[in-house]
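Colleague: Before I ask anything, let me first share the structure, which is written out below as structure tokens.
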């Protein structure tokens, strides 16, 4: 890693650093014994540390009888300290698949620093061991090179982020973990407070209010690699505690936030050895919804949504024409390569559609032998059919999947189908794609609650040109918010914030809050805005997710040292444990 | 701060950076208006950002009528964007007390970015405002230059720590905040877990077990600037959540840990502009107790403890002689400068002695006019008295304070008296003193529980030469632990850890645990030690405290952006709040 890796420790070299140029060097290595072979009177030990493997040769002529005996009885994962001399391997012993494959270390002494019982799984990459077992012995799992690489990558990503932010005068400021519940958002973890019976801290879902307060406090440029908490169920890409790079800056326009973030991401990608062009492409929220049906499109492949509403609005297929007549849309995707799928296979996709709110799923298969199979073709005129095929740009081997519903439902259905088809068809999604989604609406209408809600959050700045629409045409109000999308995941999100107390009141009123409710829930914020709050904004980047994508892993648990798992019984990674009787009594008393 | 401080924002210069060399430069500044004076038809505005102040001159001949009107009506803490040209001040207007005092900015435009109501206290250093008020408007408090300097110093200290550790191949790894309760230590905060009724996470008191597990996981070199939690009451130097630099390293001896830590501290002190000699002095635990009565001595002044037991063991003053006869000690300090204190003033010190367990406090005052005042002198022979005075090296003006008790109580009493006397006598304690306390005992005997306890913690490595004393002579066992002491505070502590399962079992048995209890409470650890744990050790440095000392503050609350205070009503800094009825119901159900 650096020249100082061998300072302040027992070893004078790391196993993985040795090369042909080191031949003749006397070294002391430490590490774990993995393979241990007896060959022609010599003992060969593969010694592993976090940097790699080195082959150690123990020759009875070069070590004491005691040390040779030690070497003969080494077990897997024994911890060793080996002194010796680096020498070139004989031509036939060179291992081109090993970074240190041209050399070996001829031992002059072998010392066992610790023994080991036989580990329950192999300490190597690509094991098939189930996750429960890996989590139970997480320390053994972490010794596997691929786990070390993930944690090392995470380290490098964090340092890259800090480097750019430090250079730009950002101050790393810690905000509290023991905080207070905020009115918005997901479910809080709450923490009973001993000296305050019946009162609780809440673990922050994000440092949003703290970072805005820091801007009001004149810090001007803040960042933190911050732990955030949501009391939600586990998923492959979600943990109850997660980490984000949290950034806030004063005296900025939205453009400044995007540019700074791109500087950060350029450094992050460079640290991970990933190439990407900058500046990043930008797409409006409307365009993303139109073309991909979602606001975090994976743009590494096509299969975009096509709007057929105009073409089918008068068709005899009533499902389509009635949706068009009632203000809905008919859209479709063309899944190339699925044209020969059986009816049964195709119909199974209807489950995906249904999960996303569709009442049914129409389809047309264009087989490679030139047939057109579809339950709906008969309802169309030739002109409509030809126009539809042209719009979908079909050829033999294509499968066209339709959604006819409200704009929101049709988008959700086709977005999900698009991703599922990419998966089922193994559509190549090489490399990484990053882009900005911008021009989000400020408000959305919550059909269930029958009121307006904030699309991002209620502290988001309304677009200058839309300020007079807040009261009368809220859905036409744009906002200065931005999402960073990476490989189809939301890698970050943020906005310019409201810094005017009056505007903040107008937005909160539009969300249905009375002046009393505003004072009660947001009085602190309003008061702060009235006391010289500067224009400010920021972003939060999902560190776990970015590292997961850069590491090429499919689970966030592979880039966190001690993730939560629902199954593991290990106290380091498992579910919460029962508390002692004393603790339980204290809590019971406190919650009364 | 750097060249990039003016990138990605509205300003082209910071207020504090402008110097005579900038004369003629066209700049855009942003910041807060503080003073606003009308003089000779011109308006002078002191514009403040986090870097400092710049004087802005608004001349009606150089700005629009509208902008001049704006400038005439500025209030305190109005947020401004000012364009203008840097010019030299006239000789009589130069302010040598101001970094930017040689220049001013002649405005060409003045824009109000936000207004402000009148702030409740002055945004400047050294205000007398009570802490409750400062915490209520923490964002205004943070705008004060000295608060920014503290947070900036904290940032620099954190980056200095990371720099040295990154260079030495340490990996920054995050460990969980939602963890499980460990059997040792102070009171845990516990967190109900929604999907697991009756079960709780615990917030970690330190990542001790996690960092040892990382070493077992082959990470070899780990650090983290980690949040730790203790459910204790507030104090000036204690917060329920606090931050430590947590370091652990494998394949090391204790010496490696000390050297690495000194590298870190050298960089930290340099970042704070503090000079100190390295390597740091070391003192054994025994010597620290002997000379200072405590294991975290402030060595910036003398007033050391002197052992008089031999001199007074046969004295007629029975309090002394009986203590000596029963194996106790008689020790004293010489407080120079208090010899003329009144009897009443001296006797008040007995409270300090009593708080630390003393049953009384003997004293002798040597007045500047040559008298010797003492209630106990009459009990001594001339020889004893002369020997005592010689041992205490007295001269007129000295006050000698005695403690006669067990070694532990006498040490605690005189240590407390020494610090109190230094405070009362304003003994100079300039600069900073850092030293190591080493050679701690492994065990201590807990008189109340009638059993042995670990002096540091039960995972500490026993000194090689004492391994055979664990069972039969535990109090003679030394350990490889180390405390870093700074200005009389414990700034850090750590140890080499046990990496042998068998030794760990022996130590835990010596602490009174049965094999069943060991398996039950520490089975996870023992299992990990059996699976190839490497030799390892580490240290934790108290970031809050180190920054507090370097910043010259007397309260940790002045170096934390959002500290907890018991009095504040502010949701950002205050006590925990009541939860909603829904949350309360969930918790009640969960704790049944």
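Our numbering is plain: 1 for the first residue shown, then up by one each step along the chain.
Including glycine, each Cβ sits where the backbone N, Cα and C put it.
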Colleague: For the ATP site that TrEMBL lists with A:230, A:231, A:232, A:490, A:542, A:543, A:544, A:545, give the additional residue from the candidates A:224, A:239.
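Modeller: Record source TrEMBL; matching candidate: A:239.
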Colleague: Name the residue range among A:204-207, A:208-211, A:212-215 that TrEMBL annotates as region 'Aspartate'.
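Modeller: Result: A:208-211 is the stretch TrEMBL calls region 'Aspartate'.
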Colleague: So what's near the region 'Aspartate' (A:208-211) in sequence-distant terms, Cβ-Cβ under 8 Å and 6+ beyond its ends?
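Modeller: Same-chain contacts beyond the ends: 175-176, 179, 182, 222, 224, 246, 248, 457, 459, 525, 538.
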Colleague: Does DSSP give residue A:232 (ATP binding site) helix, strand or coil?
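Modeller: Looking at the DSSP assignment, residue A:232 (ATP binding site) belongs to neither helix nor strand, so coil.
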Colleague: Rounded to a whole number, how many Å is the Cα of residue A:545 (ATP binding site) away from the Cα of residue A:456 (L-aspartate binding site)?
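Modeller: Their Cα atoms are separated by 20 Å.
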Colleague: Counting only residues 6+ away in sequence within the same chain, which have a CB under 8 Å from the CB of residue A:490 (ATP binding site)?
Modeller: A:295, A:296, A:483, A:484, A:542, A:545
Colleague: As a test of reading the model: what is the averaged pLDDT for the region 'Aspartate' (A:208-211)?
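Modeller: A mean pLDDT of 93 is what the predicted model shows over the region 'Aspartate' (A:208-211).
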Colleague: Can you tell me how spread out the ATP site is, meaning the largest CA to CA distance among A:230, A:231, A:232, A:239, A:490, A:542, A:543, A:544, A:545, in Å?
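Modeller: So the binding residues stretch over 20 Å, Cα to Cα.
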Colleague: Within 10 Å of the Cβ of residue A:39 (site 'Important for tRNA non-discrimination'), how many other Cβ atoms are there?
Modeller: 8
Colleague: Tally of helix, strand and coil residues over the region 'Aspartate' (A:208-211) according to DSSP?
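Modeller: Reading the DSSP string over the region 'Aspartate' (A:208-211) gives 4 helix, 0 strand, 0 coil.
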Colleague: Where among the binding-site residues A:456, A:545 do you find the Cβ with the fewest other Cβ atoms within 10 Å?
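Modeller: Per-residue Cβ counts within 10 Å for the binding-site residues A:456, A:545 bottom out at A:456.
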Colleague: Could you state the CA-to-CA distance between residue A:39 (site 'Important for tRNA non-discrimination') and residue A:497 (L-aspartate binding site) to the nearest Å?
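Modeller: Here the two Cα atoms lie 70 Å apart.
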Colleague: What three-state class does DSSP give residue A:456 (L-aspartate binding site)?
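Modeller: The three-state answer is coil.
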